[in-house]
């Protein structure tokens, strides 16, 4: 993976008088919205010469904020049990939804902008019509406060999480809970879908961040890189990166393709409560208990994702979204998913010519099922390299040899290689996680050691001063004694 340079702090927005609890970028206009414990909503114009808007209306802490996909509306949730729909202009007009009987923890638009989904301390998830401005239906199976709820990109699913330590998937057509993930050591604090809708990520008060494939009901990645609870996260539009904000006062950037932590940012003094990528992925924002809103430049990726996204939107046959029949709460993955077939013909003696072509087609997908047809006269080392690269991309690989005659031993050998590489990939991931933890502990030990050395040196200097003063007093007193 190629990197240009570290993320850089572009702008520093000051205006809130209390903790910044949520933030979101406008997809159409150069604006950034933030909500705060000071009960106000701020709309920051990214044009330095334009003024910011401050909106009043909520009577308690604002807990969630999001722009509509069209960018002409912004919605906010609050502990005052209401949701407000604002026009982000100088007038600051808003419509009020008396949404829940307790604190509203999150609010989010569907990707077509027609619906809202809210999560509340009254243990319910509710769906609302934006244009009719009325309640549509409620989802009620959580047994404790619901912290977050989000629509899938196609609008057919809702993911929610809460203090009952569960993450639930709901079918918006039947209004039924179709899956429930329960592997959490504490409250599940935040949940969202990746850009393709094939995976959900969830964070917890137990310092963990997990990514699940909702088609196979499998845990794909598990990160424990923060030293305190994770309050929020955001997927990069490419699906290849993620940022997370934590009560340990840091923002961390994860490379999801390689499954590792790549950056830790220390811009905030106190817990980080909000993070968000811009729609193009070129910026991201963070907010926290220090009342600051920071905007960072995304410099860590060499791809121009606006160009990549535009290319994918123009594809004749894009990857289909996940179907409800693909989601199996229990049992094995039975359906036969569509697979993208990549056929390599002829003798290719240069390792990187066709491997790089295949990799490029996968860079915008976190999960993909792929069948590779490789001629029998291709080098076995080529096959091994391709399988290893796909294992690092967390891709389901099926290798089909095209020999002029049967060659079962080759197939069995490659299957064993795939199994061993899978084990190796998992081992490397665990080792990287342990090395990261060891590095953090070592830094902490070195810091403590330096503090102890400074303290010891200070005490030694104090003792030396006392000795010098005693010696001086003794020397000045000796003539008097002799007299």
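The backbone N, Cα and C atoms fix where each Cβ goes, glycine too.
Marked as coiled coil by TrEMBL: 414-441.
Annotated compositional bias 'Basic and acidic residues' per TrEMBL: 461-470, in sequence order.
Per TrEMBL, the feature region 'Disordered' maps to 461-483.
With a cut-off of 8 Å between Cβ atoms, the residues of this chain six or more beyond the repeat 'WD' (13-47) that come close are 53-67, 69-72, 74, 76, 78, 84, 86, 88, 270, 273-279, 283, 285-295. Sequence annotations record features per position, and here TrEMBL assigns repeat 'WD' to 13-47 (among others).
Through the fold, the repeat 'WD' (55-86) approaches residues 21-29, 31, 33-37, 39-43, 92-109, 111-113, 116, 118, 120, 128, 130, 133 of its own chain, all at least 6 residues removed from its boundaries and within a Cβ separation under 8 Å. Positions annotated as repeat 'WD' by TrEMBL: 55-86 (among others).
When the repeat 'WD' (97-138) is classified with DSSP, helix, strand and coil residues number 0 helix, 23 strand, 19 coil. Annotation comment: TrEMBL describes 97-138 (among others) as repeat 'WD'.
Predicted-model confidence for the repeat 'WD' (139-180) is 95, expressed as mean pLDDT. Taken from TrEMBL, the feature repeat 'WD' applies to 139-180 (among others).
What TrEMBL lists as repeat 'WD' is 181-222 (among others).
Here TrEMBL flags 223-264 (among others) as repeat 'WD'. Sorting the repeat 'WD' (223-264) by DSSP state (H, G, I as helix; E, B as strand; all else coil) yields 0 helix, 23 strand, 19 coil.
Residues 7-25, 27, 32, 34, 36, 38, 42, 44, 46, 228, 231-238, 243-253, 305-306, 309 of the same chain, all 6+ positions outside the repeat 'WD' (265-297), place their C-beta atoms under 8 angstroms from a C-beta of that stretch. What TrEMBL lists as repeat 'WD' is 265-297 (among others).
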Point to revise | Counts of helix, strand and coil residues, the repeat 'WD' (55-86), according to DSSP | key: 0 helix, 16 strand, 16 coil
